[in-house]
Every structure is written in structure tokens, then in C-alpha cells.
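Below is one structure, written out as C-alpha cells; the observations come after it.
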Amino acid sequence: MTFVRLAEVARVHGEGATAVHALKGVSLEVDVGELVAVMGPSGSGKSTLLNLAGGLDRPTSGTVHIGEQDLATMRDLAALRRRSVGFVFQDLNLITSLTAAENVMLPRELDGLRSSLARKEAMAVLAEIDAEYLADRFPDELSGGQRQRVAIARALVGERRLLLADEPTGALDTRTGDEILQTLRARSDAGAAVLLVTHEPRYAAWADRVVFLRDGMITDTTDTSLVSAP
Amino acid sequence: MPVRHGLLTLLSRGPRHGYQLRVEFEASTGATWPLNIGQVYTTLSRLERDGLVKPGESDEQGRVVYTITAAGREEMVRWFSTPVIHSDRPRDELVIKLAMAVAAKKVDVAEVIHKQRTATMRALQQLTRAKRAATEGAAQRLVLDSMIFQAEAEQRWLDHCEAVLKEER
Ligand SMILES: Nc1ncnc2c1ncn2[C@@H]1O[C@H](COP(=O)(O)OP(=O)(O)O)[C@@H](O)[C@H]1O
Ligand SMILES: [Mg+2]
């Protein structure tokens, strides 16, 4: 079952002579329970693609659906994002004056959830990624990998069924990077649709499907049958 | 010779017979280096000839148990203390194929790179699945990691080729 669907999506930044065609007619679907990785060099349009898929940005042409909803017809995109979409970015932007658990609770409290309930949900999601023991630490008491896992917990909290991760392994060492991927993988195995942007082959390889983006176009994916030379 | 030294290392943990050595060798290399039992016995008889192991009595099932000798232990230590040099490694078909594609001019190099990159990524996905399923401990996972790093290096090199050739055009 498809959860996100981009159909012939184009995005032009700016106008006239300085216009940048960041995406040129990209079609991509991510199913429930599927982990799809988008690979490409810097400037190929990966972040633009992810932002469009999560409703942070609107396409110049083409359509984006999340679930049954056409994002172009949605009045309150922010509410949909909060309820259904979790974002993980490279710069983690955890709030330094809040503990890990409080950071994870925050989006749910913004949704109007009672504090005690938000805390319960936060602890559950921290437990799910084996990070319960970090709950009461402040961001500057965490390693880079631990901070990133808390950021992922925050993106996961509250049954969000679409997870969008933009270079979530950043400058982490490969063992910590593997842990991040382990977490994303577990989440998709549990039924979330996950779209991961990375330029690192070793992390893309955790995906069910890898899509190669070049100059705003998909040039190849690993699911098309390919007759390789002997 | 990695098989030879691998068997010596396993024997340094205690006497074993050939079948046991084969099972342990495969388990610790994550079955990435399958050995047949004939290979194990040929290697053991060479090790015996060189005085690095010695055969003992047969067990109740008639299997000969081998023990490492002092010279064998020395040889193992020497192996671990010597770095591996890749100077004479076999030439890589992919490197030659790409070099030829560039030289031939009429071949669509970008297409060769795309096809290879997708195929290498599939291999990388398979290795990653195998690593996730790996249950036989750290040695097995590290062997798979080694292949993952190699596939990744190939992938990076292909990206690099693409970028360089794009500039040349
Ligand atoms: N807000 C923006 N305004 C103008 N150009 C942009 C903007 N966002 C991205 N771009 C351009 O669009 C192209 C794709 O960018 P991006 O999606 O960030 O690529 P990637 O994430 O693969 O590095 C780049 O050329 C970039 O400079
Ligand atoms: Mg980007």
C-alpha cells in the first residue's frame, strides 16, 4: 500500500535567468513498511525532494499525496505534518534547556496532549530504540550518536507513519551510523514509510529500494530488473 | 596463506580434528570462505610436514586429533605481527572495463557506470541484509563489514569516475 506518492514533480527555485531547476519531473512512491533511500551528489535535489514529500515545500508542478490526501488541496499542512510526518535533519536542533525526554515530548505537547501522557509516549518511543537511559540527560550530556537517536525518537513519537530523514548520519562514525540505520529500519519494519536521503552507499544499502538522483532526475533504481554483463 | 594460518590459530585454542576445524573456520568467517574437508586435510598434512602441528591418536570415531607445536605457535605469532601487503593482488576487471570504455570512445561510459553502480548497490543491499541476519558473533559481522566497505569503495569510485568524466566532456 502506497503511503507517499510524488507524481511528475518539478520544483524551480527562483525565476528567469537565475532559475534553478532543482527537480525535473520526479515520480516516486513509498509504501507502508518500506524504507527507500535516495542517493545523489550534493546539489542533485535530494533535500528538495524530501521537503516536498513532507509538505514543507510545494512543487512548481506535479502532485504529492500523503495517504489519500493531495497536499495541494490541504488547508492545514502544518497539522498534517505534526500528526503524520516525522523529520530528522542533519543538524539536530534539540533544545538545549530541555532533557532528552522533554525534547521528545515537545511535539506531542504542541499537539495539545497532556504532559503526563506526552511523557508516557516519549518514554515508550525512547524504550523502543533502547535509549530510555538517556531520558533525563540534557543534549550537551549526550554524544553525537545519542543526540541523533533522541532526535529520531522525537520524529517518531505519536504514531507518525511517515519518517523523512535528511543525511541523518551526518558526521557520525560508521558504527554509530549503523545504529541510526538500525533504528530507521526497525521503524519501517514496524509499518512506517521511511524516506532516507544519504550520499553514503553503506547507509543506502539498508533500504528496500535505492533511487539514484542526478541533476533533479531519477536516473536509476535498484528495483528495475537489470541484465548485467557476465 | 590465510587457510593455513587460520587453522593454526584455531588449533592454538586446543586440539581439534579436521571436521571441527572446518566448522569453526566457516563460523568465524561468516561462511564467506567455504572450505571443503579435503582442503582442511591437505593443509593439515602440510602443516605437519613443516612441524607446525602434530597428529595425535584417533578418537572413538577414528578421527585424528591435531595439536599445535611450539613452532606452530611461533608461526602464528609471526603471522599476526606482519601486515598484509596487497601489492600482488589480482587485477580488477571493472577497472579495466572502465578504462577500456573511456579509451574506446564509442562506448557509452556513463551507461557502463550506471549499470555497475546499480548492480554494486544491489550487492551492498544483500551484504547488509546478511549482516543484519548475522548471529554468529563479532567475527562474522566484521567479515561482512569488510565486504561492505569494499563494495562501498567501489561505489564511491564509480561516483568519482562519473564526476570526472562529466567535466572532461
Ligand atoms: N531555496 C532555494 N533557493 C534557490 N535555490 C535552491 C533552494 N534550495 C535548493 N536550491 C538549489 O536547488 C538545487 C538542489 O538543492 P538540494 O535539494 O538542496 O540538493 P541536495 O540536497 O541534493 O544537495 C541546488 O542547485 C540548490 O542550490
Ligand atoms: Mg541536502
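Each Cβ is built from the backbone N, Cα and C atoms, and glycine gets one as well.
Annotated features, as they stand in TrEMBL:
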{"type": "DOMAIN", "residues": "B:7-76", "note": "domain 'Transcription regulator PadR N-terminal'"}
{"type": "DOMAIN", "residues": "B:91-166", "note": "domain 'Transcription regulator PadR C-terminal'"}
Per-residue pLDDT averaged over the domain 'Transcription regulator PadR N-terminal' (B:7-76), given as an integer: 90
Secondary structure composition of the domain 'Transcription regulator PadR N-terminal' (B:7-76) [DSSP: H/G/I, E/B, coil]: 36 helix, 13 strand, 21 coil
DSSP helix/strand/coil residue counts for the domain 'Transcription regulator PadR C-terminal' (B:91-166): 66 helix, 0 strand, 10 coil
